[in-house]
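Since the structure comes first, as structure tokens, the remarks are kept for the end.
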Amino acid sequence: MATAGSRRPARRAQLLALAAFGAVLVFATAAADAANIPCMEDGRFYRNPRPLPHRVWTNGECSKYYLCLDGEVFEFKCSAGLLFDVNRQICDYKMNVDNCDVVAEVVVPRPLLEAAGCGQAQLGCGDRTCLPAEYFCDGSVDCPDGSDEGWCDVDNDPNGSTACDPRSCRLPECFCSRDGTRIPGDLERSQVPQMVVVTFDDAVNTENWDLYTRELFTDEHKNPNGCPIRATFYLSHQYTNYQQVQRLWNEGHEVAVHSITHRGPEDWWSRNATIEDWFDEMVGQANILNHFAGVRMEDIRGMRVPFLRVGWNRQFLMMQEFGFRYDASMVAPFSDPPLWPYTLDHKPPHKCLGAKQRCPSRAYPGIWEMPLNQITTEGYTCAMVDSCPPHLSGEDVYRMLTNNFKRHYNTNRAPYGLYFHTTWFKRPEYLAAFKKFLSDMGKMQDVWFVTNWQAIQWMREPTPTSQINSFEPWGCKPRKFEPNEIACNLPKTCKLTSRILQGERYLNTCGECPEQYPWIRNEFGLDSR
């Protein structure tokens, strides 16, 4: 029989293992003196439950956290300049931590549902409170114990979407397959054009303008029909030059939204953002793009969530209400063959990848999901190209781009997505590798660089390669713009104040300068005094 003394080394080993984990993800070190802190033994880090009220939000108090093992409390502290986020169980920069007053992550009880024995069309909360079935997993807490909203993934939502039914899910409005690998229209692989979708996240400005206009999207790189290749830009607001955005739109690139604030912490988007927050962030950014870049509202069809933190049903309810046509935020587990996009009439054909991710559990008919198929290199998988290992050489990158292309091209020809933040291109050998890849693809008559919306248009109307040169959505017939929709040569540079950002910001636009710097809940920059 083990004694208390013999268990201590095991307990110490467990603590050291947790501390080692924390050193990588939490950036914490252990301290020995926690004599006055009560034990909360659930295997999770927690804060001092009895802090002095005036010290709760101080750096010293908010950087400390504790762990109880076998009745003994151990103290940890974040590295200098970092605070502890109790919900995410990590240390992070101060701007990303907003729960210094929360002692421990709340564990929501599981609802009893039918087991509570409620009446017809009702389900039971964890405490046996009976409520209408539609109240469960609707984004609003109704149970006294919160259990109606605590267990709402695709496997536990009592009002959740159903599995794919190809008999009733038909193009052009609906598309699904059991494992996500089915080719739309059931075309033969040889008749499917290989689509390559290149996207960029965050601001467009002078830092990356030359990359777009002088390096990547030039007359040198064209599709088989002679049209220039185009990309999709997911735009956040701060530091974006809206005259340059307008030029990209005029030239045929797709403009989509990535939020106004791009705020942290990352977990906020998936767990805390309300339906109103989603409207403020995403519809607000669409309004900014329309007002200051002249982009037509009907052309703003897609969105990508910051940090790829999917916002559960709240995000998609907002999309449905506003009229967004697609989302491009869900990272799919690595798959060979890769996954095709699908509509959300049914359950996604893959797991929602990532810690505490919250993919939609309900059906959203007609909304397309453009899943991020991961690429692989040297045993690693990565959704964004710039999240791949940074030690790769230029030759390694070229090989990575080519090998992953072949995984799509030689199997089911699902769209090959290459998703970037432009800082990745600052390494000259990476830019050279990507341009070499572009040149190689330009020699193939069945490879097309398209936007996400163009990929959806093809899926809605699967067109074989023998007819693809006349496929109108991929053509480059000059588009007619109203005079105010054409980007000007000399934009206005507006120097504006921002009370929220507590400083000045510049805004470049072909339109009129606003009175204030546009921001959330004031996207037109009206004077709110």
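Backbone N, Cα and C atoms are what each Cβ position is placed from, and that goes for glycine too.
Annotated features, as they stand in TrEMBL:
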DISULFID  C118-C130  disulfide bond
DISULFID  C125-C143  disulfide bond
DISULFID  C137-C152  disulfide bond
DOMAIN    36-102  domain 'Chitin-binding type-2'
SIGNAL    1-34  signal peptide
Residue pair C143 (disulfide bond), C152 (disulfide bond) - Cα distance, angstrom, rounded: 14
Integer Å distance between the CA atoms belonging to C125 (disulfide bond) and C152 (disulfide bond): 13
For C137 (disulfide bond), nearby residues of its own chain (Cβ under 8 Å, 6 or more apart in sequence): D148, E149, C152, D157, P158, N159, G160, N313, S361, R362
Rounded inter-Cα distance in Å - C125 (disulfide bond), C118 (disulfide bond): 10
Model confidence over the domain 'Chitin-binding type-2' (36-102), averaged pLDDT: 88
Which listed residue (C130, C143) has most other Cβ within 10 Å, given these are disulfide-bonded residues: C143
DSSP-assigned states of the domain 'Chitin-binding type-2' (36-102) in counts, ordered helix, strand, coil: 10 helix, 22 strand, 35 coil
Packing count at C152 (disulfide bond) (other Cβ atoms within 10 Å of its Cβ): 24
For C118 (disulfide bond), the number of other Cβ atoms found within 10 Å of its own Cβ: 19
Count of other CB atoms lying within 10 Å of the CB belonging to C125 (disulfide bond): 25
